[in-house]
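K.L.:
The following block contains the structure, expressed as structure tokens.
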Amino acid sequence: MLRSQGCRDSKHSDDETPWLFIAPLFNFKASCHEPVLVLHSCPCTVHSTITRCSQRERMWKRKKEWLIKPPKEHPLETKYRPVLESMIPPDPMSKLKLKRGCPKEEFPSLDGNYTCMARVLDLHMYTRQFNRATESGVIFDDIIRPGLEDLGTSTGPLTVGCLAGDAQSYILFCDFFDRIIEAYHSYKVLGHVTQKSDFNYDNLKVSASRCIDDFCFPTHCSRGERRHLLTLAKKALDQLSEELPGKLYSMEELNQETEDKGLILDAPPTTLMKTGVARDWPDARALWMSDNGSLAVWVNMEDHLKLVSSRSDANIQEAFASVCINLVKLEAMYNKLRHPFIWKPHLGWVVSSPAEVGTGLKASVTVRLIHLPEHKHLNNILDRLRLRMEADNSYGLYKISNQQTIGLTEVEFTQLVVDGVKLLIRIEKRLEDNAGIDDLVPAQK
């Protein structure tokens, strides 16, 4: 009975041999000091126990360094790789289930496209942007869609042909937008150069656009975002009304009162419908109008906010100062609401259209021109003056505005428009008298 028990112990010892080699892999600290059950009734049991202890001791001495440094076949990176991978933010593109082909198959046709986007975009550029998406889900096709819907004209003013869906678009698709800005504004975007702004009460403005941080731009925002933006605008404009009395009208509330002030709102233009800006019209769109008619603030139109001041008299300075002063006040109010205007050091004020980044300023003057629009050197003169001319609805009336919005300050752009309009009027009078204009043509600015 005892012998058979001893034989079973001996046999059990043989079965534990492979376990001793596996033990270090599981971090078992085998030791000869562990309590061992010994049956002295059989000599083979004692011998088996001693053998077992010595084997464990040798194994421990030989493999104890495993507890300090793992073997090469089990590196630490294997253990911690899942942890490190879980810390990497997910790619927004992976969340979008888009059924698309390769970039070559999806590349749009640009035949007959005269936009600035068509000048910049090629297959190589499209391939680099193809698999990118912002956190709000804006992809590159969303950005270039306006230029595919409106091809522009070969004779009319150059259109930009693209719109950003959010502020991150200017960062994620920077190589595309930087080239668009350079081609449209003739201004090279440099990371170490900060856009200047001299926004103070002496500035001259006619209109200025701003977008609010943490919200998508009108081309991509949801109904909930648009309504939240309107709520913020109500709070800010209510505070502004304490100093400049005015009233906020929703699109449904616009009536004869605003029409009497010269603000007639028709249906949104087709271009806004195509780009998605006019989605859910007129939901959460509004107009704030001062009681004296000196200032209008559009909410959720082309951009989150657009301040406009126009005057029928020749006092341009008063109109520009009205926009400037109240825009500074609104900026402070939005900062208190913890939703500041979007500003990037190398771009300036960021809005949905790259044609208006920088200052967001559009200064325009409507003048009557009869002879100059027919002159063969008109486009050359406008390029040298860095101005843009668009025909008004009335015969002979043209709106003259600054072509660029980045690279100069607000005052410099405004002065550029004022000086340019004066020169165009002088040229018009020369042409009316059938006199030469070569001495009036300016050098390239």
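Any Cβ shown, glycine's included, is placed from N, Cα and C.
Please treat TrEMBL annotations as automatic predictions, because they have not gone through curation.
Sharing the feature lines straight out of TrEMBL:
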{"type": "DOMAIN", "residues": "97-186", "note": "domain 'Phosphagen kinase N-terminal'"}
{"type": "DOMAIN", "residues": "200-431", "note": "domain 'Phosphagen kinase C-terminal'"}
{"type": "BINDING", "residues": "203-207, 362-366, 388-393", "note": "ATP binding site"}
K.L.:
To see if you understand the setup: which same-chain residues, six or more apart in sequence, place their Cβ under 8 Å from that of Arg388 (ATP binding site)?
P.N.:
Pro157, Leu382, Ile400, Ser401, Asn402, Gln403
K.L.:
Could you tell me which of these binding-site residues, Ser207, Val365, Glu390, has the fewest other Cβ atoms within 10 Å of its Cβ?
P.N.:
Glu390
K.L.:
Take the Cβ of Asp392 (ATP binding site) and count every other Cβ within 10 Å, whichever protein chain it belongs to.
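P.N.:
Summing over all protein chains shown, Asp392 (ATP binding site) has 12 other Cβ atoms within 10 Å.
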K.L.:
DSSP on the domain 'Phosphagen kinase N-terminal' (97-186): how many residues come out helix, how many strand, how many coil?
P.N.:
42 helix, 2 strand, 46 coil
K.L.:
In three-state terms from DSSP, label Asp392 (ATP binding site) for me.
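P.N.:
In the DSSP reduction, Asp392 (ATP binding site) maps to coil.
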K.L.:
If you average per-residue pLDDT over the domain 'Phosphagen kinase N-terminal' (97-186), what number do you get?
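P.N.:
Summing pLDDT over the domain 'Phosphagen kinase N-terminal' (97-186) and dividing by its length gives 89.
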K.L.:
Ten-angstrom check, please: count other Cβ atoms within 10 Å of the Cβ of Ala363 (ATP binding site), all chains counted.
P.N.:
26
